[in-house]
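Single-structure report; data block below.
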Amino acid sequence: MSIFYSFSALRGLAMGIFSPIWILYLISKDYDFLQIGLMGAVLEIAKLIFEVPSGVFADRYGIKISIASSFFFSILTWAFFPFIDSAAICILAMIIWALSDSLISGSFETWMSRVAGEDRFGKEMMKNTQLLITFLIIGSIASGYLYSLNIYFPFLLVMVIYLLLFIWMSVFIKVPSVSETNHGDQNQHDSIKIIKESLKIIFNKKRVLLIVIAGFFTATAYDTISRYWQPFLSDLGFSEKSLGYIFALGGFTALVLLTLTIRFEKKIEKNPYLALTSLDSMGMVMTFLLSRAFRPLGIPCTAFLLAIEDIHHPIVTSYLNKFFPDSYKNTLFSLNSGVGAIGEILSGVIFGIISAAFGLSAMFVVVAVFLLIPIILYTIVPKIKDNDMKVQIEKSQQV
C-alpha cells in the first residue's frame, strides 16, 4: 500500500498549497463574488459533462491511463492560472481542472479496492485520506507565506508536484487489471452497456440511490462553504497568512476526526448512517454559527466545516463500494460524483446570486437549512431492504 500513501502525500501537499489562496487570487484579479460563483459553476458543469465519460474511459482503457492523464491536465490547469486576468483563460483553466478531477475521480478508489480487497478497502481509504490531510496541513501552512512572497510561486510549485506524479504514474507504476471473471463478456467494453448496467445498479438499489441523492445536497452545501469561506473571513479581518493557518487547522481537525473514524471503523461500517447524520448535523450547526459573523467563532466553525467533507468521502465511498461490481466501479463512482457535481453547479449559481444580493451571512443561513435534507434521508435509508444487487450482477457476468 506504500504507493498509495506516497501518491496521497504528494496530492495532499499540492492541494494544501493551492486551496487556501486560489479564491483570493481571483479576487486580486478583480473577480467579484458573483463572477467567482459563476466560474465555480463553469468548473462544476464541466465536471458533470466529463464525469461519466471519464469513468467509462477508465473502465475501458485502464486506470493507469486515466490517472496519468489526470496528472497531465493538472499541470496544464496550474500553468494557465497566472494568466487568468482574461475571463476566457479563466474559463479554460476551469474546464481543464474539471477534466483532471474527473479522470482521477473513482479511478484512484477502484485501483485501491483491487489492491486492498473489499474487507480492507474502507480502512485503507481512511488511512490514505489521513496521510493526504497531513500533507495538506503542511502545504496550507506554507501557502500563505509563499503567496505573500510571490502570488505566482504557489502555482508553479503545484505544477512541479503534478509533473512528478505524472512521470511516476506513466513510467514506473503497474495497475492490476480487473479479474478474468469480469472480462468474460466482451460486450462489457461497450460504453453504452457499461452506463446502462451502472444506472440499473443505482436505481434498483434504493439504499444506494438515496445515499447518492443525499450526496447532491451535501455537495451543494459544502462546495458553497469551500468557495466562500475565504472572502467571508477576509471581510472579518483575517489576513492571507491567517487563512492559510485556518485551512491547516481544518486539516488538523480532519486528521483528528479521521483517527477516531479509523478507531471506530467496525462500528461505522455497521451503521454508516449514524456517522453521516452526526457529521451533517454538526455541519448544519457550525454553518449557522459561522453565519453570525462573530469573529471568535470564525476559526473553529470554519476549521470543522473544512474537515467534514474529508470525513464524509471515505465513509460514503466505503459504503457504496460494497454494492459496486469491479467491472463497472469507475463508472459507478463517476455517476455518484456527477450527481454531486450537479449540486456544485447549483451552488455556484444559486448561492452566488444569494451572496451578491443579500451578503455572505444570509447565504450561510440558507446553506445550513440545506443540510437538513440529507439528515432526513439518512434516517430513511436503514429502513429500506434491498436484494444484493452487486452479487446478482457479478453472477450474471460469470454465466
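Cβ atoms are placed via backbone N, Cα and C, with glycine included.
Here is what Swiss-Prot says about this protein:
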TRANSMEM  7-27  transmembrane segment
TRANSMEM  33-53  transmembrane segment
TRANSMEM  79-99  transmembrane segment
TRANSMEM  131-151  transmembrane segment
TRANSMEM  153-173  transmembrane segment
TRANSMEM  208-228  transmembrane segment
TRANSMEM  242-262  transmembrane segment
TRANSMEM  296-316  transmembrane segment
TRANSMEM  335-355  transmembrane segment
TRANSMEM  357-377  transmembrane segment
Contact ranking winner - 33-53, 79-99, 131-151, 208-228, 242-262 against the transmembrane segment (335-355), Cβ under 8 Å: 33-53
Tertiary contacts of the transmembrane segment (79-99), as residues 6+ beyond its ends and Cβ separation under 8 Å: 22, 25-26, 29, 31, 39, 42-47, 49-50, 54, 73, 152, 155, 159
Stretch-level contact, the transmembrane segment (153-173) and the transmembrane segment (242-262), CB cutoff 8 A, at least 3 pairs: no
CB contact flag for the transmembrane segment (242-262) and the transmembrane segment (357-377), at least three pairs under 8 A: no
Contact set, same chain, for the transmembrane segment (33-53): CB under 8 Å, 6 or more residues outside the stretch: 23, 26-27, 90-91, 94-95, 97-99, 101-103, 105, 195, 223, 227-228, 231, 331, 334-335, 337-338, 341-342, 344-345, 347-349, 351-353, 355-356, 360
